[in-house]
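Next up is a structure, given as structure tokens.
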Amino acid sequence: MPLTVNCPICKAPVEWVPQSAFKPFCSERCKLIDLGDWASEKHVIPVKAEFDPEAFDEFDLDKGDFFKE
């Protein structure tokens, strides 16, 4: 008996088998809806900022000349 999961978009049951071309989605439509949500940044992966804007003040750098070559 194959594992059954719900489509993340429409909640339809999807069998988790090699023949399920769009798993975990039930169809290409739901797969594309999810892709569009990622592209429009409705979904994001939270990350810690690598750069702290307040660090400029600590180093007494001129912000206007920072990116000039």
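In case you wondered, yes, glycine gets a Cβ from its N, Cα and C as well.
Copying in the features that Swiss-Prot gives for the protein in this structure:
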type: BINDING; residues: Cys7, Cys10, Cys26, Cys30; note: Zn(2+) binding site
Counting Cβ atoms within 10 Å of each candidate's own Cβ, which of the binding-site residues Cys10, Cys26 comes out highest?
Cys26
Starting from the Cβ of Cys7 (Zn(2+) binding site), draw a 10 Å sphere and report how many other Cβ atoms land inside it.
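There are 19 of them.
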Near Cys30 (Zn(2+) binding site), how many other Cβ atoms are within 10 Å of its Cβ?
19
